[in-house]
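Some notes on the structure that comes next.
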Amino acid sequence: MNTTYNFSAGPAVLPKEVLVQARDEMLDWHGSGMSVMEMSHRGEEFMSIAAKAERDLRELANIPDHYKILFLQGGASSQFAMVPMNLLHEKKKADYVNTGQWSQKSIDEAKKYCTVHLTASAEDAHFTYVPTLDKWEIDPDSAYVHYTPNETIGGVEFNWIPDLTQVKGGRADIPLIADMSSNILSRPLDVTPFGLIYAGAQKNIGPAGLVVVIVREDLLSRPLNGTPTMYHYKTHVEHHSMYNTPPTYPIYIMGLVLEWLKQKGGLIAMETINISKSKLLYDFIDASDFYQCPVARPDRSRMNIPFTLKDAALDNEFLKQAKAQGLLQLKGHRSVGGMRASIYNAMPYEGVMALVSFMKEFEKIYG
Ligand code: PLP
């Protein structure tokens, strides 16, 4: 098979080394005589896999002990409900920042449980920028403030962590909640400004079917009445994510990805390469009249790079020729059209080079 590069937004490319190791261990994990898929989640083999994954995640992101790490199911979308169900406590309001389609989904879900106060919104410019803190306002009665550090569809990313003490109505004791589904582990992560972080795995962590939650333990008090047992964070904390059968194979693959990240030099090394990969593509797009990226420069995502061609009638030809050259899944999200190159941790620099050189050739012919 010729070299291919997969630009899918998720489920997304995994490191080749991880896939090779998983293949080699598929039938017999470490001489156990079993595939990981066949192991009891309560057996010593799988327990050791899950414990190592948690240790490695703690080490990579320097996560202190008073933050609990949960490996859950239901995708990031289930967190849109679990967050209000568990974190409203006695309050009736929560604050949400709206920077795009994923923020909007989390807001729509939260509205089922509480009044949502809009902290700030980028809707006025079709979600192509991140509102600065001077545009934010928090309702002092809100139970928490939720935001989406990287909008996977719009390609808008926060390059800073909001300091709620700098916001009108804000205070240090209002928990900050983040949906980091599409940029977790792409840069150094300090969890201490956050009350809770969640991330669907299928972009930078592993395969679909797993969502990672990192939650500060003082926030684990009683959820809303009627919350299903499976939707209590406390249930999963008390049972070390083994209350029911966890997504064992995705946890195993996540463990391999975390090991790979450590071997590559951890999150500082990842950030360096992610900066150079995204710069290569953005610089090329900005220098061309044929391609365009709609996102404000300071707020451009290092992970998801949306771009349009001068003439949308060429989109299908672009995708066809790209695919023929092994550049896969570049079609933009159905709601926005155009192209999107998702270049998560596992996308090598060579993949972005190959994309840029294809785009150059395409422009020469059709530009
Ligand atoms: N949040 C963000 C930022 C996403 O990119 C996605 C999925 O792409 C989701 C939430 C929803 O994740 P899931 O499909 O795992 O529920």
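A Cβ is built for glycine as well, from the same backbone N, Cα and C atoms used for every other residue.
The feature domain 'Aminotransferase class V' is assigned by TrEMBL to 4-355. As annotated by TrEMBL, L-glutamate binding site applies to R42. Among the features that TrEMBL reports, pyridoxal 5'-phosphate binding site is placed at A76, S77, W102, T152, D179, Q202, N244, T245. Summarising the annotation, TrEMBL assigns N6-(pyridoxal phosphate)lysine to K203.
Spatially close to W102 (pyridoxal 5'-phosphate binding site) yet at least six residues away along the chain are A76, T148, E151, T152, I153, D179, S181, judged by Cβ distances under 8 angstroms. For ligand 1, none of the recorded positions lies close by, meaning a CB under 6 A from one of its atoms; the full candidate list was R42, K203, N244.
In this structure, the CA atom of T245 (pyridoxal 5'-phosphate binding site) is 9 Å away from the CA atom of R42 (L-glutamate binding site). Residues near Q202 (pyridoxal 5'-phosphate binding site) in space but far in sequence (CB under 8 A, at least 6 apart, same chain), listed by position: G10, P11, A12, A208, G209, L210. For the recorded site, N244 (pyridoxal 5'-phosphate binding site), the DSSP three-state label reads coil. Overall, the recorded pyridoxal 5'-phosphate-binding residues A76, S77, W102, T152, D179, Q202, N244, T245 cover a maximum inter-Cα distance of 30 Å.
The two recorded residues, the residue listed as 'N6-(pyridoxal phosphate)lysine' and S77 (pyridoxal 5'-phosphate binding site), show a Cα separation of 14 Å.
Neighbour counts were taken as the number of other C-beta atoms within 10 angstroms of each residue's C-beta; across the recorded positions R42, K203, the minimum falls on R42. In this structure, of the binding-site residues S77, T152, N244, T245, the smallest number of CB atoms within 10 A of the CB marks T245. When secondary structure is read from DSSP and collapsed to three states, D179 (pyridoxal 5'-phosphate binding site) falls in the strand class. Within the model, the domain 'Aminotransferase class V' (4-355) shows a mean pLDDT value of 97, rounded to a whole number.
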